[in-house]
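Single-structure report; data block below.
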Amino acid sequence: MNAIVALCHFCELHGPRTLFCTEVLHAPLPQGAGSGDGAGRGEPADEEEGGIQMSSRIRAHSPAEGASAESSSPGPKKSDMCEGCRSLAAGHPGYISHDKETSIKYVSHQHPNHPQLFSIVRQACVRSLSCEVCPGREGPIFFGDEQHGFVFSHTFFIKDSLARGFQRWYSIIAIMMDRIYLINSWPFLLGKIRGIIDELQGKALKVFEAEQFGCPQRAQRMNTAFTPFLHQRNGNAARSLTSLTNDDSLWACLHTSFAWLLKACGSRLTEKLLEGAPTEDTLVQMEQLAELEEESESWDNSEAEEEEKGPALPEGAEGRELTKCPAESSLLSDCGAWQPRKLSVFKSLRHMRQVLGAPSFRTLAWHVLMGNQVIWKSRDSDLVHSAFEVLRTMLPVGCVRVIPYSSQYEEAYRCNFLGLSPHVQIPPHVLASEFAVVVEVHTATRSSLHAVGCESEQPLSKYEFVVTSGSPVAADRVGPTILNKMEAALTNQNLSVDVVDQCLVCLKEEWMNKVKVLFKFTKVDSRPKEDTQKLLSILGASEEDNVKLLKFWMTGLSKTYKSHLMSTVRSPTALEPRN
């Protein structure tokens, strides 16, 4: 966790003071700087760019350098400190714990070495023991801002038989620049810091009771003459926390507790990528997968029933059946016939546009978006398959019905992408229909091959593509809005293929949202045509091509979404009259 945890004390002589703090070091220390739980030395590094971080970076130095660094330390001078303001003895190097899992080091000093961090901790210390106090002056509170960091502070009292009111005022603070993270960590920090405080108070209470039992001070205090000036009691008003708790290893224990607190709090909350609700494509794919699983289960059950009902085979029949198996269906023949995929394939929509030409590609894309049947005739089945793989990215998953390669024509209601071999005859009414487009792939002539260039460099140059349709309106009309935006992205050479793909995904999501609104408006609510026209104008889809596109894409909505809408409409709350 990128934070600082500090123990603060309100001294009767010097006011709020920072006693002990633990910070996180993300940079590895050189050899000799200490490893594990041990002592180490540090000096402030150069200020990091990009704002203040809740950690600093240190490097090892010699004792002579440590002395010079101590003289230039941002902390208070020795003359301004008493026993109650000081935690580590003069020349104490501090504590370092090394987390081998994350290569992070937790370093504890009395003050942060970085001047800006010292200022932040100092200000938080003063505010936690002066103005930012919860009712009762003992308990947790949250304060801070973007400039000086956000602070979780828990104030508490420690028993002292020589102090005013027999107690001294302390606080444990956790400083972080991330407000949301600190607020979310409130319950965890409150419980763990409260445990540290209870342990300190328990040790101090035992010392207090022992001192009171050995030498009661209450009568002496009550008889002391009043004076408006601060003065020491029994010559030692400023007692260190180690003497109050009678624990010489107190600071080492606090270092361990603070280091564990920083590590545990950082490991407790982790960032996760929230993808939101599943898209329509995801829902449709899940439904298709479920249907395939149901079909496979039904086939397995039917085969099991046939085996149970069938007569017992004579001895040796299984061997004869295996020998009758045709060579085409054997696994060995399939593996032997496997070859690497050919290079004569389309790689992307931009590649297809370059090969077909802008006018032919626009005609083809228009028919794809409108839901018309797209027929490819070629001897190369891999080429047809790659063309369909590229073209299907323009449509939602639910609108795609593909027959990759067939030896006979299939009707449009069965597929909107159909691959045929060259000898297959297409019915005349389909060729003349405005709801179909045919792409015929021919072998290029010798002259065109030399004109285009080397066949090995451009494998698709050995083909000629002829795009025909019974309706030439695709090239004449303005076309659907999504087609115009798509062509603008494809023609922009500053956009890479990956960026164009993401742009296409965003365009499909935008128009699928419009499809959902139109479906809810027309199919579920059954609004009149006048209201539907107003809605289309608001959606920016009042043109004829846009309306056709929305109606076709409506068929690609998932069954889950449709059933959810219908169940919502039929619920009692939905049947209440509208105000």
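Counting begins at 1 with the first residue displayed.
Glycine is treated like the rest: Cβ placed from N, Cα and C.
Swiss-Prot assigns the feature coiled coil to one of the listed ranges (35-59, 285-309), namely 285-309. Cα of Arg164 (site 'Essential for GTPase activation (GAP) activity') to Cα of Ser537 (phosphoserine): a span of 78 Å. If you measure from the Cα atom of Ser302 (phosphoserine) to that of Ser537 (phosphoserine), you get 53 Å. Ser542 (phosphoserine) carries neither a helix nor a strand DSSP state and counts as coil. Secondary structure at Ser406 (phosphoserine), as computed by DSSP, is strand. Cα to Cα, Ser542 (phosphoserine) and Ser406 (phosphoserine) are separated by 38 Å. Comparing Ser406 (phosphoserine) with Ser537 (phosphoserine), their Cα atoms are 42 Å apart once rounded.
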